[in-house]
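Notes follow the structure.
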Amino acid sequence: MKPYTYQNRVSQLDDMDDHSVLSKSKLHGFYYYAHMLGIYYLIDLIYFNQLGTILANSQTISAVKRDGILMIIWAIYSFTYPYTVYFSHKFGQKKLYIFFISLPFVIFPWFTIKYQLGFIPGAFVGAMASIGFMKEVSYIKRCQKPISLWEFFIYLITPALVFYHDYPKTKKIRLVYCFAKLFNIAYFDILGAVIIAKHIEPAIIGTSDQLLQTILLLFPLTAFWIVLFFLTFENILNLLAEITYFGDREFYHDWWNATTFEEFNAKWNTVVYAFLHTHVYLQLQEWKVSRLWSKVLTFAFSALLHELILITALRQFTPFMTFIMLLQVPVMLALRFLKNTRIGLIYFWFSLLHGVPIIVSYYVLV
């Protein structure tokens, strides 16, 4: 098998690109209908002077406001620290760049705990540290010739975790496209904050009964998860791709049509999948590990990264997320017969709708 390769492709649900699956679909209008409903929902809250009150009374949103400066500091650090790896590699200091690649996994827990970051700021810090780690590893393993400081910076902000000297490129930056993505980022940010403050927090605080809490969280968590998906994969990554001329916008496949979780894990986040396939799975294959165990260990590596972020952000060791993710492995093997079936699609959505609230409820009540 070959490393993940990039090619000129558009994002499937990009409403600003005439070549996307969404733009060509006869159901295109439903996207704008849902978009407008969300906008009018926020306008309604603003008109009745509820938006500011809702956000001001939220502990989660207050923590984001309180830790905002620290998040900005960490973001700046995330785009400057990798230069320690760049220079270590440039001068052939192998032990030094291994040290610098590993160090953030000490720094980010220390930073989160020392400054008592809230859950979202803590998760942001952990996610940025993980992204930096993956980019640095790929750069070290795949860089075949020296690149300039500016080229390295462009690589850091390019929405790709597998290093190539030459990525597929677009011809120009579309300013209208960028402004549309910036508007969507602001819109989805506010909408996500409202869902947390108005629907998720009350469900968590209002009851200690896990079953009732799971039921109450089912709809708002699903809505928040979809908002987070559009915010990240459809807007932030596309904006970064646009300003870096990055041509491969296929940051996900049609995960909503997945009939098994094996299919879902390969489709829903191709950015991380590209790294896991190229630098974990194929590396294990080179070491003559069987295909089955290579998949299991790749899955375990991903689970441990997620768990490390959760442990630090929540400041508690309850590896329930890792348990659930690893439990998917035997379940995926047992339910392969459901692939490409209607029952498989129903099973996937049933599991997704109920699985996320169960996990959140567990961490809240532990």
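These residue numbers are counts, starting from 1, taken along the chain as shown.
Glycine too: its Cβ is placed from the backbone N, Cα and C atoms.
For the transmembrane segment (30-48), same-chain residues at least 6 beyond its ends with a Cβ under 8 Å from one of its own Cβ atoms are 13, 15, 22, 54, 187, 190-191, 194. Under the heading transmembrane segment, TrEMBL lists 30-48 (among others).
Sequence-distant neighbours of the transmembrane segment (68-87) (same chain, 6+ residues past either end, Cβ-Cβ under 8 Å): 97, 100-101, 104, 108, 111, 115, 117, 121, 124-125, 128-129, 131-132, 135-136, 139-140, 149, 152-153, 156-157. Taken from TrEMBL, the feature transmembrane segment applies to 68-87 (among others).
Tertiary neighbourhood of the transmembrane segment (96-113): same-chain residues 70, 74, 81, 84-85, 88-89, 121-122, 125-126, 128-129, 132-133, 136-137, 140, 308, 312-313, 315, selected by CB-CB distance under 8 Å and a gap of 6+ residues from either end. What TrEMBL lists as transmembrane segment is 96-113 (among others).
Annotation comment: TrEMBL describes 119-137 (among others) as transmembrane segment.
Taken from TrEMBL, the feature transmembrane segment covers 173-196 (among others). Sequence-distant contacts of the transmembrane segment (173-196) (same chain, at least 6 residues past either end, Cβ-Cβ under 8 Å): 16-17, 38-39, 41-42, 45, 51, 54-55, 58, 60-61, 64, 220, 223-224, 227-228, 230-231, 234-236, 238-239, 242-243, 245.
Sequence-distant contacts of the transmembrane segment (217-246), counting only residues of its own chain at least 6 positions beyond either end whose CB sits under 8 Å from a CB of the stretch, comprise 11, 13-14, 154, 157-160, 167-171, 173-174, 177-178, 181-182, 184-185, 188-189, 191-192, 195-196, 199-200, 203-204, 252, 269, 271, 352-354, 356-357, 360-361. For 217-246 (among others), the entry in TrEMBL reads transmembrane segment.
Taken from TrEMBL, the feature transmembrane segment applies to 296-314 (among others).
The transmembrane segment annotation in TrEMBL covers 320-338 (among others). Residues 259-262, 265, 295-296, 299-300, 302-304, 306-307, 310, 344, 347, 355, 359, 362-363, 366 of the same chain, all 6+ positions outside the transmembrane segment (320-338), place their C-beta atoms under 8 angstroms from a C-beta of that stretch.
Taken from TrEMBL, the feature transmembrane segment applies to 345-365 (among others).
Long-range contacts of the transmembrane segment (119-137) within its own chain (CB-CB distance under 8 A, at least 6 residues past either end) are made by residues 60, 63-64, 67-68, 70-71, 74-75, 78, 81-82, 85, 97, 100-101, 104-105, 107-108, 111-112, 155-156, 161, 163, 272, 275, 279, 305, 308-310, 312-314.
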